[in-house]
Amino acid sequence: MMNFEGLDPGLGDYAPGLHGGLEPGLDSSLDPRLDPALLQGVEIDPDGLAVSESVHIVEGMYSELHSVAAEVGIPVTATHFDLQEELLWMGNHRGHASSFFGPTMGRYSSFQVHMTDDIRHIQSMDTGVLFLTKNNLRCLTRGGFIMFDYPMEEGADMHSLILTENNTLLMGGLQNYVAELDLTTVQETQKFTVEVPGVAIMRQTSRFFFCGHTSGKVSLRDLRTFKMEHEFDAFSGSLSDFDIHGNLLAACGFSSRGLNGLSCDRFLMVYDLRMMRAVTPLQVHVDPLFLRFIPTYTSRLAIISQTGQCQFCEPTGLASLADIFHVNTVGQLLMSFDVSSSKQALSFGDSGGCVHLWSSAPEVSYNSYSRDTELALPCLVDSLPQMDWNHELMPLSLLPMPLTSTEPLLSDWPTALIAPSPRRAPPVDPEILRTMKTVGFIGYAPNPRTRPRNQVPYKIKDVELDYDSYNQVPESPIGRDEEPHLYMVPKKYRKVTIKYSKLGLEDFDFKHYNRTLFAGLEPHIPNAYCNCMIQVLYFLEPIRCLVQNHLCQKEFCLACELGFLFHMLDLSRGDPCQASNFLRAFRTIPEASALGLILADSDEQTGKARLGRLIQSWNRFILAQLHQETLEQEGPQAYRGASSSSVLSSSGESVISRLFGCEVENSSLCCCGKETVRSSLTLLFTMHYPEQSSLEKKIEEYEFVDILRKSICLEQSTQAWCDNCEKYQPTVQTRNIRCLPDVLVINCEVNSAKEAEFWKAQTEYVFNKALKKEAAEPPKPKEPLPTEWCLEEELCNVEGLTFDTQAEDMRHVWIPLSLRMCISKAQGLEVSSLTEGEELTESEEAEGVSIYDLFVTVSHVQDTRTGGNMVAHIKVGETYHQRKEGVTHQQWYLFNDFLIEPIDKAESVQFDVNWKVPAVLYYIKRNYHTKFDLRIKNPIEASVLLTEASLARKQRKSHATFIPLMVSEMPQVGDLVGLDAEFVTLNQEEAELRSDGTKSTIKPSQMSVARITCVRGQGQNEGVPFIDDYISTQEQVVDYLTQYSGIKPGDLDAKISSKHLTTLKSTYLKLRFLIDTGVRFVGHGLQKDFRVINLMVPKDQVIDTVYLFHMPRKRMISLRFLAWYFLDLNIQGETHDSIEDARTALQLYRKYLELSHNGGQEEFRKVLKALYEKGRKLDWKVPDIDSADGQGTAVFPSVMGL
């Protein structure tokens, strides 16, 4: 903000002749104002570049590195270190700009910015450099090409600019406004009014804009609105400079001395931005004109005077004379000052046209990470090699020759080839023209889906390319054709998505994707990639019983959440469930985050995640976590955090370790002969494939059982520490197993193209053998497929597979359906495949031989169009069919989120690695479950409804909004309970706007329950709440929806909330106990409430008033309108209250019973007709009724009055 009024008046006028470059013999008499002492000790090079003699730089202390005379005698009004490259910029009093490269300050570029006005501010950007003059802003490339020129209105007197977010900048000066400019459009977006005399200096932090005024004040302004939040009256005269670092603001300026005018104040004003007040002023020994914070180990201040004195001091300490150094300006005054972003370099511009570079390091770098600077190529003429004309083989074409003749060059193309030929737009599809409806001059037509979305391909060749119209699995199955047969991935394996409408999920046809009675899982929740593995664990009967019997006091326990989820899967009759509470707890486990198992939404949607590798890590993690959590249940039940150790403890035994655990012996043999043996427990094994030599083109043939045996009994050489040798030595590590697990879990580790090629080669070997065998034997009739799941008049055929011959079943198959395994003393582990129908002999049973049947295969479907997904093939056992369908049989099913479809057993082992890559295999021992207790005893007891402490620190009994149930009030089967819940938003919905103006929801908003209220439905305390829990959440809330939920910021924070705050798990247990007891819930819109809470409630236990007062094919009616119409109550005036809503729903149910019993169904239909007619007349808005307030609350006694 330098004003030249305080300087020598003669500095404003300079001879035009000084603009030219200087010759070495330049005489100072060329200009009478040029000081002869200016050029003493300065060496002038032929290019006009003045370089001082080299100096010795002491590390950590600032010393002069170089000086350059850009244009002698023209004051340097602005200097700036480039923030992207190793360049130092300067601008002078006559509008000329120059840049110097690196610490040697070689001239890089030089150009005229403005013909008359001085350059007042320079700011570098990624694409160019901004130069601000009095009433003009110009952006140029670093080479000097103009990118844009923005002239300002007449009367503007700009002094400073600052870059802000969203590619905008603010410009301020000595006028009554600050202008905001959009750099994308180069248009002024708005003006902010400020007080006269305006803003001369601007700084910015993450909290405020700081504006310095020539009146001596510094104002703090809001980042969004630019409104003044605070103001410091720093100096009585004028402000010369200020800077901010951390919580400190330091300013220097001039004080008024009465008739003597202004004098430079040697006291720096320092302000604490936390308390917004001044601290002790800092006295310095120089007359401050510029100041900057130069933070290194401490928050140092650099104070610069106009005569070239520089002092370093601490802003809260005392200034020392020993910290002063002097910039040799040869009698000139300093006009500009800047500090590099690396804090290693200082630049000074003086009134004599020199730029001084000071540095604290010999190898100075302006920025921490600078990009390479584009330097001009050297002149080729000066660097051409000498040519020997006498050499016979010397090509004369190496010598550049001037064009002397008028003959055309070979590079001159004929006019016909260089004439512009615009590419015409392709014709509109006739189907679009046929179905188009015109509104005004705009036509609308349905997309015929003959081209990719948002793309219009041009017909370059004679034959147009065949475009595949596939995008994703159809949202609705009605009226969709099959995708082209060329598409490799069968439809049932593709990623399934949900089509959302105005009614949410109510009109989505899940039955099209799942005609069984088993429950699918919805995929739209974050980290739902593990849905298939959740289904795997559910269909393991011992795991299902274990987690449903498990209950602990930890807030986030995966075993508890799996138990709640499996209970929902048990109750479901084909309706999909969602694992939202389980995945919410999963995201809080630190081990899961450390293993990289928690994905960002963008990674899931874009397909960046490597799902195959991820699901194998998840498989390993969940088994270890369940083992740890079920072991912890033996201890006292109290709130505890997740275990920090992932090492399996062999001292304790859990159902997980009994089911999956296998004791292994790890032996390490050093080359010195010392052997170390350790025992441990492992829950799964990883496949290790043989190393393939780069010289071997053909992959050898292996049996799956051989690879499996070598992977279990692994032997490998590695470098390991030997205590005997006391150094790292080549060591042979061998693993042997001592027992066989009941469930053999295998991670396939097909994570690269190399393993995929190996797997593919083995499947081809197996298929070729099957073809030869079938050719040698007569064909046998194939067993018919099960008919339980075949539709009437349909062939029992499965998409993606042909059942023509027995050999076709072996295509893409390498793994066997059954294994024979045993551990012998002589040969160790023996593994062999078992043919279908083959059983063990008595001698084999006596030797401890076990049969393992394939139970699960989990596959990664690699689909570039959708990002891929995970699917599971599961052999569902007899007990599950007995519970769901009442029949006893086993069947293989495909589980693809909410798509469930029966498949043939051959399909479960077919892996075409081009799109279906194996990830996880589960083999189970025959009759393994007989030694496990498969009974489920509900662990949730009535004590969960009794009084509990609140998590909120400020909660008082006087703030209680409910009375817990007494022991005598425990609910019975059929009791009524009024229920209402309020929610907050964690993620906003993602939607797109179609061309016809309608909105399509791609992903719904993610809601979290914030308040749950249950009121008594009968007895003398009818209508009195017994549960009114506010749910604490650790996730970030983006919208509290206060208008609809009544939840305010702070209500869910345990530190400041005055509500009864609990964990979601605690309230969930209360609702589960009520459901298991058999109570009937009364509420309005309960389907959504139970969905967000993640509860499955039998339909006969739900009384929803939204459906009681509803006519078919008519709109749903709000609770507020129903309460006004039937009960003469005016509820939900300013906000919603869940206690009021639950009571109102109970009263509406009583009203419904009254109306339906008194007049019968016919009379009730007339009442509904009148209700809808009244609603249409009022546009479904409740009229304002002053007298209605309080009528509803008089029906029930208040809580505090009991």
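Every residue number used here counts from 1 along the chain in the order it is shown.
Each Cβ is built from the backbone N, Cα and C atoms, and glycine gets one as well.
Heads up, TrEMBL stuff is auto-annotated, nobody curated it.
Long-range neighbours of E982 (divalent metal cation binding site) (same chain, six or more residues apart, CB within less than 8 Å of its CB): V1009, A1010, R1011, L1041, Y1044, S1045, G1046, I1047, H1136, S1138. Sequence annotations record features per position, and here TrEMBL assigns divalent metal cation binding site to D980, E982, D1089, D1141.
The domain 'USP' (519-926) scores a mean pLDDT of 82 in the predicted structure. The domain 'USP' annotation in TrEMBL covers 519-926.
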Residues close to divalent metal cation site centre defined by D980, E982, D1089, D1141, Cβ within 8 Å: L979, A981, R1011, I1012, T1013, G1083, H1084, G1085, H1136, S1138, A1142
Cβ packing number for D980 (divalent metal cation binding site), 10 Å threshold: 28
Listed binding-site residues (D1089, D1141), ranked by Cβ neighbours within 10 Å, top entry: D1141
